[in-house]
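The annotation coiled coil is assigned in TrEMBL to 85-119. TrEMBL lists 28-45 with the feature compositional bias 'Polar residues'. Positions annotated as domain 'Anoctamin dimerisation' by TrEMBL: 70-287. Taken from TrEMBL, the feature domain 'Anoctamin transmembrane' covers 290-867. Annotation comment: TrEMBL describes 22-45 as region 'Disordered'. Under the heading transmembrane segment, TrEMBL lists 301-328, 379-399, 464-489, 509-531, 558-575, 674-696, 731-751, 824-853.
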């Protein structure tokens with residue numbers, strides 16, 4: 001059954017191009033007007049070539065279905081499409097020669113081409129080259145890429161039905177959507193053992209995603225000539241230099257209706273109807289169909305996103321309960337009661353919040369903000385911080401189990417990274433002209449000299465350091481803005497009558513925080529826009545050796561930048577604001593000019609909540625606009641002419657050509673967006689228990705937006721394999737550990753929980769109401785006459801003698817005037833002890849939970865062993881049968897000892 005006479009370890013490109021000038025003996029290809037492949041028209045331009053084509057070869061496009069995914073013969077499937085514009089500029093002849101050479105080499109590699117003339121295209125300018133991979137090419141590269149194919153139907157009984165299935169029935173999708181194919185035992189394809197595999201129909205044995213993956217592998221490695229003494233190859237270079245304008249596999253139909261061709265599965269239509277519409281948000285995802293249509297790499301992203309969203313539901317419920325606890329106990333909060341009480345808070349005169357221009361103010365003016373602060377700064381905050389430390393461990397451990405199940409179900413258990421991720425990048429092979437011998441394979445391989453690597457890494461590191469410094473500089477600029485405008489807001493709110501009704505809710509601190517957060521968000525978006533391009537450029541400059549190296553380097557650069565960019569402002573508010581203020585008469589200043597900010601008397605937690613909400617919600621809204629609205633507008637603009645023409649004139653390849661390109665980094669940005677969100681709900685969740693709820697609502701929308709844009713607005717991506725989420729798993733693990741530390745510090749230093757507990761147990765003098773008097777205890781006294789001229793307010797109309805400020809210092813009449821009291825040191829010791837205890841408790845629970853939950857479920861382990869056993873048994877039986885045939889035919893090469901050895905190997909396999 002083997003259809004190829006060449007050796008199995010040779011690829012078709014190697015076989016064809018090694019025959020120095022040998023004519024291609026593959027199947028005859030049909031070429032229409034504008035083709036640059038036939039030797040008879042070599043050297044002619046497109047117009048001249050058209051004149052040489054017989055009249056019967058010009059196909060009337062009106063008789064061709066717009067949903068056709070086949071060549072004109074209606075038999076050979078279109079696996080890939082290349083497009084180009086024949087523009088008569090100074091580069092025209094060079095591009096023409098490149099295309100001729102490239103397409104000629106594709107034919108030598110066994111691919112079949114069919115070209116659509118530009119006169120048949122919608123705008124009369126674009127040529128389309130349709131590519132078909134015949135059976136011989138598919139089986140050769142299926143072996144090269146180690147693609148697993150069915151050998152036997154799975155005989156393992158299905159899992160026991162879940163008793164909750166009847167309850168979850170409304171969330172289920174039809175069985176034919178969830179499991180579009182039967183379950184098989186699989187084995188890597190081998191051309192020499194084709195009888196082993198369940199080949200019912202050669203045209204459908206390899207799925208369209210497998211076919212386009214194979215063709216893309218050939219396209220990325222096919223040469224097109226030599227320029228400047230260097231060998232040039234790969235479709236990526238041809239796209240970059242404008243020789244081709246696009247290269248893409250086809251969708252199988254229009255998304256809003258099924259294809260008219262009965263041979264088409266219309267999987268795109270099924271995905272749209274059952275998955276990509278927002279009204280299906282409550283339904284499970286058809287992961288097997290996603291994997292079949294788009295490939296494992298995209299499938300595992302949606303599996304991870306769906307699992308992450310499911311786990312967020314628990315965190316959102318607990319966070320909502322903690323928020324409701326704060327809401328219902330708001331009226332019982334003694335601190336806000338004392339602040340709002342005219343006899344207590346109304347009589348406490350606070351020191352001015354800025355120099356000279358600000359006035360003395362009464363504590364009860366912050367009544368509303370102190371009440372709202374209790375929503376997030378209460379005992380439930382501590383519980384939720386500990387809960388989220390455990391939740392993130394459960395999420396990561398259960399995802400490992402889910403990932404292990406998917407690896408088995410999607411035939412990725414023995415997936416070798418060398419077959420795809422560790423293979424040399426074409427760009428590396430092209431740019432590295434020097435070669436050295438591989439000590440393992442003893443073959444000559446391209447390499448990048450150490451000196452060149454060092455120079456490139458130095459440039460890359462300096463560039464990243466510069467941009468990180470730019471972020472820090474922008475954050476300092478925002479801090480300066482906060483310091484500079486605070487006095488203006490304070491003066492404006494005191495002197496503007498129209499703002500008086502909301503002055504209690506919108507304090508100068510809150511107004512400054514909100515505007516600074518909005519400004520910070522705008523700066524974040526601008527820096528992101530530029531850095532994304534810089535990160536790709538410097539990663540390309542490093543010339544990573546493999547695809548995995550490229551992705552990992554780009555991921556670390558982008559994540560480092562995004563981490564500093566998005567979280568720096570939150571870290572400032574959480575851990576620096578109000579911590580280095582000094583005290584009246586001895587304030588600390590930034591650049592010896594702007595006085596450092598103070599926290600609200602109710603604490604800085606409400607400001608951290610504001611900062612987190614604006615940045616997190618703003619990023620999610622902006623991300624959805626970029627992902628959904630922008631592609632839709634671009635596609636609408638590109639298709640505006642086509643709507644005025646008959647449908648049968650708008651072919652399948654033209655429809656897909658007018659869509660947006662998903663690109664090789666499409667999933668990278670999706671992962672990055674979700675990982676940044678993961679940081680918001682873990683690193684700072686102690687300040688905002690509603691963050692998981694916001695993330696849950698966003699992710700429910702995100703799944704449908706991503707599926708909708710992928711199904712309707714983007715060209716079909718090239719299928720790619722992946723057995724995990726890659727380096728993102730390690731990043732999530734690192735953030736999970738860091739989140740324990742940050743939340744412990746937030747509870748200890750940003751919230752008022754520890755000072756209140758210390759007062760409750762050590763300094764309260766009222767047994768009936770232990771927290772009464774806390775506000776007075778937490779405010780120190782300053783004698784106004786001690787103000788230096790730089791700090792003293794311009795006016796003191798009520799002739800106040802003393803003012804209060806937030807700190808624990810001795811009063812002016814004490815011998816240790818304005819030095820820290822013993823209570824300050826007690827509170828600091830309690831904060832440090834709390835951090836140590838909380839971190840150790842959470843880490844111990846985390847590691848215990850991680851140890852208790854195995855990474856691979858027991859039933860999956862059993863299925864993997866069963867499949868390996870059956871696969872080995874089938875392969876050995878096949879070899880035994882072949883050996884028997886050779887013995888019966890009198891083959892002298894088949895000895896009785898070889899027969900006995902083969903039987904012994906089968907017995908050993910059964911025993912194992």
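Placed from the backbone N, Cα and C atoms, the Cβ positions cover glycine too.
Remember, TrEMBL labels are computer predictions, not curated facts.
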*Counting Cβ pairs under 8 Å to the transmembrane segment (509-531), which of 379-399, 464-489, 674-696, 731-751, 824-853 comes out on top?*
464-489
*Of the listed stretches 674-696, 731-751, 824-853, which one has the most C-beta pairs under 8 A with the transmembrane segment (301-328)?*
674-696
_Ranking 379-399, 464-489, 731-751, 824-853 by the number of C-beta pairs under 8 Å to the transmembrane segment (558-575), which range is first?_
464-489
*Express the predicted model's confidence over the domain 'Anoctamin dimerisation' (70-287) as a mean pLDDT, rounded to an integer.*
86
